[in-house]
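J.: Take this structure, written in structure tokens, and hold onto it; I'll ask about it next.
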Amino acid sequence: MMIKVIISGFKGRMGSTAVDMVNNDPELELAALIDPYTTEKEVDGIPVFNDKADVLGVAADVWVDFTIPDVAYANTKFAIEHNICPVVGTTGFTEAQISELIDLSQSKKIGGLIAPNFAIGAILVMEFAQKAAQYFPDVEIIELHHDKKKDAPSGTAVKTAELIKETRTYKKQGAADEVETLPGARGAEFDGMRIHSVRLPGLVAHQEVIFGANGEGLTLRHDSYDRVSFMGGVNLGIKKVVNLDTLVYGLEHLL
Ligand code: NAP
């Protein structure tokens with residue numbers, strides 16, 4: 001049976017790449033496309049809507065969301081409430097929003113996925129970082145993205161820090177009497193470690209996790225050079241969520 005997919009944010013960088021991915025998979029079928037400002041009514045026979053409420057008459061199994069942090073929570077909630085499984089790549093969710101959406105999905109018995117990163121290499125960096133943090137409590141995360149990215153730090157950096165926190169012995173890093181002569185110079189603080197966000201044209205999505213210890217260092221780095229790197233994970237998410245009865249946070253739960 002074909003899985004019918006709605007793509008919200010279909011005109012964006014990630015959304016348009018997801019449209020191509022769905023069109024190239026014979027097991028998937030586009031059901032509707034959403035963009036708030038477009039005047040198009042259809043694209044290649046697929047209905048286009050400006051508002052999420054307009055898709056209610058459309059038969060759909062999965063809601064793929066690559067929009068903006070401001071609307072992604074409401075979109076995900078809307079999808080679950082209407083028995084459509086969300087596969088969400090949009091970043092910027094708070095911990096409270098994620099746990100609220102997980103609770104809602106469980107009460108409705110609807111599968112779903114919120115993944116701050118759909119690239120397999122990025123998932124592996126997070127896993128390796130969590131292991132390394134057992135031995136190296138001194139760590140800084142540097143995430144690097146294109147300069148159109150709206151939120152900072154990246155969802156991947158936050159998720160990496162959360163995973164590290166589970167294995168790392170708490171430590172407030174840096175000198176006790178450290179002073180920032182320019183505010184923000186030491187980056188954002190998360191559980192005593194630091195996260196730095198770089199924004200430059202030409203970049204796509206990159207992350208380094210740097211560990212330091214006496215006389216040695218360990219650097220883990222992942223690079224997404226092209227948005228196509230995320231599509232294997234989105235495809236896998238679409239195919240798995242339809243058989244789940246809860247929303248999960250992180251692609252690693254489906255691998
Ligand atoms: P983008 O190119 O700016 O695309 C976002 C699209 O959403 C834009 O076309 C925007 O339209 C549209 N939009 C705004 N409000 C909307 C609404 N209410 N309903 C539907 N569409 C709406 O950004 P992007 O680079 O594709 O990234 C999208 C999101 O994915 C970001 O949060 C980014 O951090 C995340 N991301 C995740 C992964 C991952 O692996 N999980 C990878 C890369 C990026 P306008 O431009 O007209 O406002």
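Note: Cβ is positioned from N, Cα and C throughout, glycine not excepted.
What TrEMBL says about a protein is an automatic prediction, not a curated fact.
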J.: Which of GLU29, GLU40, GLU140 shares the NAD(+) site with GLY9, PHE10, LYS11, GLY12, ARG13, MET14, GLY89, THR90, THR91, ALA115, PRO116, ASN117, PHE118 per TrEMBL?
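T.: Looking through GLU29, GLU40, GLU140, the residue TrEMBL assigns to the NAD(+) site is GLU40.
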J.: On a simple 10 Å Cβ count over all chains shown, which one of the active-site residues HIS145, LYS149 is most densely packed?
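T.: Result of the Cβ crowding comparison: HIS145.
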J.: Other Cβ atoms within 10 Å is the metric here; tell me which of the binding-site residues GLY9, GLY155 scores highest.
T.: GLY9
J.: Rank the binding-site residues LYS11, ARG13, LYS41, HIS146 by the number of other Cβ atoms within 10 Å of each Cβ, and give the residue at the low end.
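T.: Comparing Cβ neighbours within 10 Å for the binding-site residues LYS11, ARG13, LYS41, HIS146, LYS41 has the fewest.
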J.: Might you list, by sequence position, any residue in that chain lying six or more from THR156 ((S)-2,3,4,5-tetrahydrodipicolinate binding site) with a Cβ less than 8 Å away from its Cβ?
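T.: Listed in sequence order, they are THR91, PRO116, ASN117, ALA122, MET126, GLU143, ALA205, GLN207.
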J.: Pop the Cα-Cα gap between ARG13 (NAD(+) binding site) and LYS149 (active site, proton donor) into the table, whole Å please.
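T.: So the Cα of ARG13 (NAD(+) binding site) lies 11 Å away from that of LYS149 (active site, proton donor).
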J.: Summarise the model confidence on the domain 'Dihydrodipicolinate reductase C-terminal' (121-255) as a single mean pLDDT, whole number.
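T.: It averages 96.
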